Amino acid sequence: MTKNPFTRVLTWLVVLIAFLIVMETLAFDFALMLTFPHLARNFDPLNPVLALGPTVVILTVVLALTFSWLNKKITYLTKGIDQVAAGNFAAHLDEQKGGPLSASYQNFNQMTDQLAKTATLRNDFINQFSHEFRTPIASIQGFADLMQERELPKKERQAYLALISKEAHRLTNLSTNVLTLTTLESQTILNNQTSFDLTEQVRQTVILLWPQLEEHKLNVDLTLAPATAFGNADLLNQVWVNLINNAIKFTPDGGHLTIKIERHDDQIAVSVNNDGPLISPTDQDHLFEKFYQADNRSNVGRLGLGLAIASRIIALHQGRITVVSNPADHTTFTVYLPSKGSAK
């Protein structure tokens, strides 16, 4: 249990104040006798002390009661700290009882609320992470067992091997993304920042993903205004890959993608629009969370870590990412970055 150091301090403070009052009175008597010696013959130095005796006692009692009251407030706070130290993040203090410490009580409650949220997110992440890893591993094991248990026609065997390879690739990507996100979340300063042609970078990303776009017979419109960005080019490239991949994944074959770069006074806007299924307002509020699974009714499915990684990268660049999904505009993810002139 955390000891309350205030108790001992209060005790010594009360004694010290009483001692100082007595010493000040005696010093006054002594100074009076030196200054006015003709009064010293008829002056009893003990009279002021005796006269101040009741005052000293009353003052000491008042101070003791006041300090005792404050001590209870601090003891209440230290007990709360003990609970948090023991792992009880649900501990809360009654702010109405705080008196002069009400602000400290409020800060304590805010701290425990944040710790509780962090603990919940951590537990959710572990559970979701375990589920995400367990699924491809179970698939690989299942197909491998089937291939061992019986002879399979060559065509069926090749199909199972392709599925095993696909699940292994998925597992590798998941591991890489988890490590990437963990690194980004612990990072506060961007390294390797340079000035580069953002327009060309987005164009090269589209070329890189062109085979997937053709595979799904997606129509792509590019409206790319000339723009220069300042930041970590490799990280920002990953943002465009994630956003366009996400659009490809959730746009039906034969659908339409629109990718734009627009320049404003102090920022650059990069948007990726698709005419796939709409995202509900509730899901929009959580899309950038790790492993968030959208409502099945929206047909969005699991979004994994791609958007969480993109959101963190943009935050490190002092930018922001938004999503709008409605019948009129379809679904649009927009990244806002400081223009080169306004970047810090």
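All positions are counted from 1 along the displayed chain.
In case you wondered, yes, glycine gets a Cβ from its N, Cα and C as well.
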Stated TrEMBL location of transmembrane segment, expressed as one of 51-70, 231-250: 51-70
Summary of DSSP states over the domain 'HAMP' (68-120), given as helix, strand and coil counts: 43 helix, 0 strand, 10 coil
Average model confidence [pLDDT] within the domain 'HAMP' (68-120): 82
